[in-house]
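A quick write-up on the structure given underneath.
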Amino acid sequence: MSSKKPVVLVIRDGWGRNPLGPDVAKEYGDATVLADTPFTDYLLANYPHSLLGASGEDVGLPDGQMGNSEVGHLNLGAGRVVFQDLCRVDNAIKDGSMGENAVLKTAFSQAASSRLHLLGLVSDGGVHSHINHLIGIVKYAYEAGVRDICIHAITDGRDCSPTSGVGFIRQLEEAVRPYGAKIATVVGRFYAMDRDKRWDRNKLAWDAIVLGRGEQCSCSPAEYVEQCYAKGETDEFLKPGIFAYGNEQRVRDNDVVFFFNFRADRARQMSDAFLYPEFDGFDREVTPKVHYVTLTEYDAKYPSPIVFEQEQLNNIFGQIVSEAGKTQLRIAETEKYAHVTFFFNGGVETQFPGEDRILVPSPREVATYDLKPQMSAAEVADKFVDAVNKYDVVIMNFANGDMVGHTGFVEAGIAACEAVDSALEKCVKKVLELGGKLLITADHGNAEHMRNEDGSPNTAHTTNLVDLIYVADDKDQVTLSDGILADVAPTLLSLMGLKQPAEMSGHSLVTPGK
């Protein structure tokens with residue numbers, strides 16, 4: 001069988017372009033500049049490159065809101081600006097339609113005679129949730145007659161500063177006081193929002209939320225968080241603190257549990273424990289029969305009502321490629337596998353005809369990826385090189401820049417970028433050998449800003465632009481324009497000679513001629 005001449009999209013996750021430049025790279029922890037990346041340097045010196053907007057209104061988020069992996073891959077695959085759940089919920093709270101939502105009305109009606117548990121990430125990170133959504137939900141619940149409202153607050157420290165949690169907890173305490181709601185639990189997202197089946201972490205969160213196990217606190221939730229900081233703990237890793245109904249079954253039969261995160265991937269494992277009687281990830285000890293509600297669709301198979309149903313996207317990139325009879329491959333390690341499949345395919349689990357997938361396991365032997373910043377980049381590259389000649393188009397992701405960027409350890413970030421650079425070289429050389437073409441970009445920034453001005457770690461995403469690099473033998477005959485992530489799918493289609501559908505509002509950024 002003859003080899004294909006593949007078109008390849010390489011997503012260097014979390015690899016943005018810091019506008020402050022190399023002169024302040026050390027001060028701001030720009031791992032992408034501080035790293036020794038000879039191949040990336042070679043590409044930028046010898047191939048057309050431009051910049052893409054990957055945050056705010058460019059990707060369907062509020063102005064100034066940092067981008068994230070879910071949003072980035074949705075826009076990359078859809079070829080249009082996809083308005084995000086963050087904005088949809090914001091608008092529903094502002095215009096009052098949230099209070100008229102039928103799913104919420106039913107949930108609040110049941111909770112009026114039992115207990116309402118609100119579970120989710122408490123920050124303004126806007127990646128998985130937003131504190132304003134929680135405050136709005138509490139208000140609407142109170143107005144619907146719910147009087148026993150327990151908040152199980154998951155602290156962030158990843159999509160915002162590692163010690164910003166105390167401020168959010170204080171803000172929440174003040175905001176919900178008029179409605180009699182109480183913060184019953186505080187626990188870090190490391191435990192409550194694992195997505196890699198490290199069930200021992202979820203067990204700690206479950207025991208706290210359901211059984212009231214953890215540090216029994218007589219102080220306020222904000223004071224507890226401050227005490228954790230004094231012991232060297234940061235928001236992501238806070239052990240459970242219990243502030244109401246301690247050491248008893250707090251989630252009971254007929255209670256309502258509402259997970260208010262709008263992003264699905266890190267909400268599924270705890271949801272599985274609540275929803276499935278046969279769940280065996282860890283010993284739950286008790287399995288309360290609750291009315292479980294999710295803000296958005298976490299899994300199409302879940303037997304639970306959804307407050308905001310998913311908007312369906314038609315004629316996305318994978319669909320167009322499939323309908324043209326072309327073959328496609330999606331490849332990433334575990335941490336970003338959902339992004340090149342579920343999110344790139346419009347937020348649905350559909351695997352198109354002609355679409356194959358390769359999942360490379362992420363390292364399980366380390367708790368955080370600063371301890372192994374290379375992650376599985378080399379293995380992803382090896383699998384890619386072995387498979388690429390069989391496909392018309394490949395979508396691949398290197399997770400390192402984002403996953404290690406979230407740790408805030410600059411030296412680890414440097415090693416992560418170097419690992420990606422080395423793996424990228426192997427992939428690019430193989431594609432060029434086959435006569436193929438590549439677009440190299442990112443879904444959002446992160447690794448280019450790992451240190452704050454005061455020297456503290458910056459673990460959050462950024463609002464920076466991301467590179468777009470065109471790599472092909474005809475590099476001297478094309479011009480590459482600036483754009484946004486939604487322009488990538490139309491560009492890929494043009495490189496494949498496929499017609500762009502009307503639903504795609506993006507534009508091809510590759511034009512013939514210099």
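Note: Cβ is positioned from N, Cα and C throughout, glycine not excepted.
As written in Swiss-Prot, here are the features:
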BINDING   ASP13, SER69, ASP443, HIS444  Mn(2+) 2 binding site
ACT_SITE  SER69  active site, phosphoserine intermediate
BINDING   HIS128, ARG158, ASP159, ARG189, ARG195, ARG263, ALA264, ASP265, ARG266, LYS336  substrate binding site
BINDING   ASP402, HIS406, HIS461  Mn(2+) 1 binding site
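The subset of binding-site residues (HIS128, ASP159, ARG195, ARG266, ASP402, HIS406) lying with their Cα within 10 Å of the Cα of ASP13 (Mn(2+) 2 binding site) consists of ASP402, given in sequence order. Here the C-alpha separation of ASP443 (Mn(2+) 2 binding site) and ARG195 (substrate binding site) works out to 20 Å.
In the structure as shown, the Cβ atom of HIS461 (Mn(2+) 1 binding site) sits within 10 Å of 31 other Cβ atoms.
Residues HIS128, ARG158, ASP159, ARG189, ARG195, ARG263, ALA264, ASP265, ARG266, LYS336 are listed as the substrate binders, and the farthest two of them sit 18 Å apart at their Cα atoms. Residues within less than 8 Å, Cβ to Cβ, of ASP159 (substrate binding site) and separated from it by at least 6 positions along the same chain comprise MET66, ASN68, SER123, GLY125, GLY126, VAL127, HIS128, THR459, ALA460, HIS461. Note on proximity: of the binding-site residues SER69, ASP402, HIS406, HIS444, the one nearest ALA264 (substrate binding site) is SER69, by Cα distance.
Take the mean position of the Cβ atoms of ASP402, HIS406, HIS461, the recorded Mn(2+) 1 site; other residues of that chain with a Cβ within 8 Å of it are ASP13, GLY14, ASN68, SER69, ARG158, ASP159, GLY401, MET403, GLY405, HIS444, ASN446, ALA447, THR459, ALA460.
With respect to their backbone Cα atoms, ARG195 (substrate binding site) and HIS406 (Mn(2+) 1 binding site) stand 15 Å from each other. Every protein chain shown contributes to the tally, and the Cβ of HIS444 (Mn(2+) 2 binding site) ends up with 28 other Cβ atoms within 10 Å. Neighbour count (other Cβ atoms within 10 Å of the Cβ, all protein chains): 26 for HIS406 (Mn(2+) 1 binding site).
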